[in-house]
Structure formats: structure tokens, C-alpha cells
Amino acid sequence: MGASIDDYSLVHKNILHSEDLLKYILETSAYPREHEQLKGLREVTEKHEWSSALVPADEGLFLSMLLKLMNAKRTIEIGVYTGYSLLTTALALPEDGKITAIDVNKSFFEIGLPFIQKAGVEHKINFIESEALPVLDQMLQEMKEEDLYDYAFVDADKSNYANYHERLVKLVRIGGAILYDNTLWYGSVAYPEYPGLHPEEEVARLSFRNLNTFLAADPRVEISQVSIGDGVTIXRRLY
């Protein structure tokens, strides 16, 4: 069985806020095209206490399509959780593609590792258990022009997205893409105030309001904010 549309967290997280439309998209377009190992990983993750952090299947297909259109080979992922977006990326990259994946919690990554191994893409992944900022700063010190990344995906601690951006805009090549997940935050970013959120959710909401304004004014990137999942902002590096 696929994800239950009755699962509050799944509907609440999706920007559509429509159970019927979400069900239609998932069952008509997403689940039929979902890789067997992604399906298995999704079903295991849905039982996890933090299942709301799972990247939705329709968003996964979107990421896969973008990676293939870009012909991406070198990518970086900040925030891995159980690895649904990571496995999506690994499947989309060519056989010699490489992913640098950074997360503070390796135990979550190990939930998804058997599915990554069964998919035959473990060799593409370099997992680093660490806070992301020190790793990114070290990369900046050692990076050569030919080592720049084609693509980055960020789905980690929300209050640090702007700090990640300052590093990634130097680590991703000109013409490459930096994607930020959850930037519409349940749709709550549209309002100056949004009563009822838990304190940590409110911190994230305010962080995203600031980030969205910041990215819109950043001349180093052109952006598109996509209403899929909980909102994905694509920033293409210009210089």
C-alpha cells in the first residue's frame, strides 16, 4: 500500500491542502513511476516518528527530471534523513555520478542504506556525518574549479538556509542549481502572523519568510519558487 491520504502530516505538509487533488497526483502520476527501492524506502519511512520529513513522491519525480535535464554528475545534499531524495538523486545520476551527502544523524541514513544498496547506487554516495557548515567551509578552502558541483539540494535545519546559500553559491558552478526544500512551509509564509504553530515551526516559518525575500533580491541567482510538496525554490547561479 502507498502512503495514506488520511495521514494528516502528509496533507498538512503539502502546499495543495487538498486531499482529493493530492491523492489524484500521487496515485495517477507519482506512485506508478516510483522506483521499486524508492517505494520500499518510502513505506518504511512512513512508519517512522518523523515521517513528515519525507520528501513526497511527486517531488521526488520532479527532482529526478531536473537532474536528468541538467545532465548533472556532481551533486551535494544537505540534510539526508532516511535518504529518499538521496536515492532519487543517485538513481538519476549517470554511473560515474557522485553525491556528497551531509547529515548529523547517520542512524537515519542507515534506515535507507539497504534500499540504496539494492538499487546498486551506493558507490555514488559519500556520506558525511557532521554539521554541514564546517564541511562546506572546508570544501571552500580545498575546492578547485573542476570540482564545482552541478546541483545542490538543501533539506536541513531551516534557520541555516541563508548560511548554506552563501557557501553553496560558491561551491556550485555557474549555471548550476541550488534547491531549497520547504520554502512555503505549509503555506504559512504568506501571512505576517500564523497562530497555532509549535515554537520550532514558527522559527522555521519566519526563517523562510526572510529567506524568500533574500533569494528574490540576490543578483547572483535567478529563482523559481515551485508549488510542489511544501514548496521548492530553485536558484540557478548566474555568476
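These residue numbers are counts, starting from 1, taken along the chain as shown.
Even glycines carry a Cβ here, placed using N, Cα and C.
The structure displayed is predicted, hence computed values, not measured ones.
Annotated divalent metal cation binding in Swiss-Prot involves ASP181, ASN182 plus, out of the candidates ASP155, ASP157, the residue ASP155.
Just one of ASP96, ASP103, ASP147, ASP150 is listed by Swiss-Prot for the same S-adenosyl-L-methionine site as VAL55, GLU77, GLY79, VAL80, SER85, ALA132, ASP157, and that one is ASP103. Of ASP155, ASP181, ASN182, all annotated as binding-site residues, the residue with the shortest Cα distance to ASP103 (S-adenosyl-L-methionine binding site) is ASP155. Residues within less than 8 Å, Cβ to Cβ, of VAL80 (S-adenosyl-L-methionine binding site) and separated from it by at least 6 positions along the same chain comprise LEU86, ALA101, ILE102, ASP103, PHE108, PHE109, GLY112, PHE127. Candidate binding-site residues: VAL55, ALA132. Fewest other C-beta atoms within 10 angstroms, ALA132. All protein chains included, GLY79 (S-adenosyl-L-methionine binding site) registers 23 other Cβ atoms within 10 Å of its own Cβ.
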